[in-house]
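> The feature substrate binding site is assigned by Swiss-Prot to R23, H135, T356, with similarity to another entry given as support. The feature pyridoxal 5'-phosphate binding site is assigned by Swiss-Prot to G110, Y111, S182, D207, E208, A209, H210, T239, F240, S241, K242, with similarity to another entry given as support. Here Swiss-Prot flags K242 as N6-(pyridoxal phosphate)lysine.
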Amino acid sequence: MNQPWRTHLQTKLQQLHEQGQYRNLHVTEQAEETWLIRDEKRMLNLASNNYLGLSGDERLKEAAIASTRKYGAGATASRLVVGNYSLYEEVERSICDWKGTEKALVVSSGYTANVGVISSLACRHDIVFSDKLNHASIVDGIILSGAEHKRYRHNDLNHLEALLKTASPEKRKLIVTDTVFSMDGDTAYLRELVQLKEKYGAIIIVDEAHASGIYGIGGAGLSHIEKDLAQKIDIHMGTFSKALGCYGAYLTGDAIYIEYLQNMMRSFIFTTALPPSTLGAVQKAIEIVQEDHKRRENLIANGEYFRSKLREAGFNIGNSSTHIVPIVVGSNENTLRFSKRLQEAGIAAIAIRPPTVPVHSSRIRFAVTSEHTIADLKWAIERITHIAKEEELFV
């Protein structure tokens, strides 16, 4: 191997080890709906994004198999070549009906959706206003666009308005936010953000990755909780890989936006289409989440229970108000030690460290699902609290 490159890579890896930021891949096997086998140990799964337990649903499996038998294992090309099967149009129609929008575009992942939509719409003549805790894919999309990047303090509407006021009137303005923040479990103030975008002549993109399938009418997303709010949002992004239990993502809004992205979004144009099996499962999942209110109700109730009990025990869970519940520890070292002890006790609890979260805010990110029982959560909370006391970390 080229020696200068070897030296450079070895130095960087050593730095990651020293900083407690080195990452390993661990083999995981699904044992039951809420339990898994990780490194040959059975654990309660409190780390998954399978929020509604749909990944293992027999109806999705059957839909995936049927689509594979009809169309084959792979799409064989990009959508703009010969990979645009009728399944795509069926799913996109379902998304529009679900979200109340004019047109939709199914893409390969949430990451490529955010990187693609922002870098396609914005350029060096524009300004993008982004919440400081937005997902990395949003940040990467802004960097790739070359636009002026204005980060406002997390959920600080006064700071955002101050930035909007001082922005050049000649520049186009784009506001972008997560709706449910993936590492903190709190939510954006969508009504107020829409008011600001209208006041200052901006457009707004919302990332519903962790809200699609859960919140709002028929699980259409957090933007659908308040009447008429969704129609004031320019572009909605959501994923199929979390509550819907599948893979892929969507962008939806007014037809002109989607038509533009179809022609200009490089992460859409230059990639092979999703396999038919995925689309078949996605179509079934969209149908299920709109009808199965019980799953969504269970998830919300489980989140409320888990948050309340951790707060009662004295843990710092920030402003979490959803099914995503962090325990903020602080240092990488303490977080890794806590994670290791929890896994030894049979809880899949993964340490989240910089650059995923800000420096000095390393945490254990818990995610409850609709399939957890109160007994599961009570069992976990007892062990979490006991270990934290032993380690003298929180309680």
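These residue numbers are counts, starting from 1, taken along the chain as shown.
Heads up, the Cβ atoms here are built off N, Cα and C, so glycines get one too.
Where in this structure would I find these features, and how exposed are they?
Taking a C-beta cut-off of under 8 Å and a sequence gap of six or more, R23 (substrate binding site) has these contacts in its own chain: L16.
Taking a C-beta cut-off of under 8 Å and a sequence gap of six or more, G110 (pyridoxal 5'-phosphate binding site) has these contacts in its own chain: H135, S137, D207, A209, M237, G238, T239, S241, A249.
K242 (pyridoxal 5'-phosphate binding site) counts 27 other C-beta atoms within 10 Å of its own C-beta, drawing on all protein chains shown.
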> Between the Cα atoms of K242 (pyridoxal 5'-phosphate binding site) and T356 (substrate binding site), what distance do you get, rounded to the nearest Å?
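About 18 Å separate the Cα atoms of these two residues.
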> Restricting to the chain of H210 (pyridoxal 5'-phosphate binding site) and a gap of 6 or more, list residues whose Cβ falls under 8 Å of its Cβ, or answer none.
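Those within reach of H210 (pyridoxal 5'-phosphate binding site), by Cβ under 8 Å and sequence separation of 6 or more, are N49, Y51, D178, T179, V180, F181, S182, K242, A243, T322, I324.
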> Under a three-state reading of DSSP, tell me whether E208 (pyridoxal 5'-phosphate binding site) is helix, strand or coil.
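DSSP call for E208 (pyridoxal 5'-phosphate binding site): coil, neither helix nor strand.
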> So the record assigns R23, H135, T356 to substrate. If I measure every Cα pair among those residues, what is the longest distance in angstrom, as a whole number?
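Value for the max Cα separation, rounded to a whole number: 19 Å.
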